[in-house]
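> Below you'll find the structure I mean.
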Amino acid sequence: MLTTNWQADVVIYEMMVFMPIYAVVLWAILFMRPRKSAFRTHYYTLVMSQGAADFLTVIIFVTQMLPRYFNIGNSLVWWLDSYGASNFYVNSGPQMFILRSIGLFLITMQRYATICRPHGRLSHILSITSSFTLILCHWLIAFSLHMPAVLICHAHFENPQSFFVITSEDHKKTSATIVICTFVFCGISTLFMQSRQNRYQEARLCIHVFFLAVMSAATFSYYVFQAIYSNEIGVGDVVLSQYVPVSENRNLQQEALRSLRLWYPLVSGNLSFLNPLMLLLLNRDIQKCFVNFCSGKTVSGRENGSNEQYISNE
C-alpha cells in the first residue's frame, strides 16, 4: 500500500490514470477551438471550465495527501495555518462541490437551451454571452454562494501529522445548509432539463450528465451522513480532539468519524475522474480529436463537422 488506508491508494491510482487523459482532452479542445467552430461553442467552454474545477480539486487533494501520508511539506503546511491554511482546507471540500454542481447545472442548461429551446430567450442570452463571461459566472456564483460559511470560519489543524481540521459547529451548519440548498436546486433543475431533452433526441447524449449527477448525489450523501453523524456524537465538521472522551464508546465514535472522513477524497474525486471517461466514451468529436491529437495527425480544416447535435449549435 502507498498510504495507511486503501481509499487514499485508490484515489492516487485514479489520479495517475485519469488526470493525464483529462489533461490531453482539455488541451486538445483548447487546440481545436481556433480551428473548428464546433469547439468554440459554449458547451466546450463549460467543459473546459468544469475541467479547471476538477483539476483544482485534485491539486487540493494532493496538497493534503503529501503531508498527511508521505510527510512531505508538513512544516510548511503547519506554518501556513497562521495564514488560514486550515480555513482554506475545511472550506475547499464544500466549495469545490458547489463549483462542480454549478458547472453541471450550466452544462445542462446550455444543452437544454440549444436542443429544446433553440429560439427561446435563454438561447438568445447564451448566444450573446462571451465565453469569458460564462466562465466568470460559473466561478463567481459558486464562490459567492459559499462565502457566508467562509466568513464565519475559524478553524485550525489538529496536529502536524494527521492534519485533520477542527472547525466550529456554526461553520459546519452554515456550510452544510449552503451545500444542501445548492444541490437541491441544481439537482431538480438538472432532472427537469434532462427529462425535456430526452423528448428531443436519443438518451445517449444525456448519459454524460446523468452519471455526473449520480456522482454528485453520492458526494452530497457523504456530506449528509457526516453532518448527521457529527451531530449525534457532538463533534465538529471533521474531528474535535479537544473534547476529552468521557467513555470508551465516545472514543470509538470519534474514531469512526475519522474513518468516515477517509472516504471523502474517493467520493469527491470520482466526480472529477468520471468526466474524461464520459467525454471519451460518448462524444465523437472528442474521440476523433483525442486520437488525432495523440497520433500527431494534421487537423482537418473542415468546419461544423460535428456529429453531436448538442454541440453543433449555441
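For all residues, glycine too, the Cβ spot is worked out from N, Cα and C.
Quick paste from TrEMBL:
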- 23-222: domain 'G-protein coupled receptors family 1 profile' (DOMAIN)
- 12-31: transmembrane segment (TRANSMEM)
- 43-66: transmembrane segment (TRANSMEM)
- 86-109: transmembrane segment (TRANSMEM)
- 121-141: transmembrane segment (TRANSMEM)
- 174-193: transmembrane segment (TRANSMEM)
- 205-225: transmembrane segment (TRANSMEM)
- 262-282: transmembrane segment (TRANSMEM)
> Any chance the transmembrane segment (121-141) and the transmembrane segment (43-66) are in contact, meaning at least three CB pairs closer than 8 A with a sequence separation of 6+?
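Contact between the transmembrane segment (121-141) and the transmembrane segment (43-66): present.
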> Below 8 Å between Cβ atoms, which of the listed ranges 12-31, 86-109, 174-193, 205-225 makes the most pairs with the transmembrane segment (43-66)?
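The stretch with the most contacts is 86-109.
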> Limited to the domain 'G-protein coupled receptors family 1 profile' (23-222), I'd like the whole-number average of pLDDT.
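The average pLDDT of the model in the domain 'G-protein coupled receptors family 1 profile' (23-222) works out to 87.
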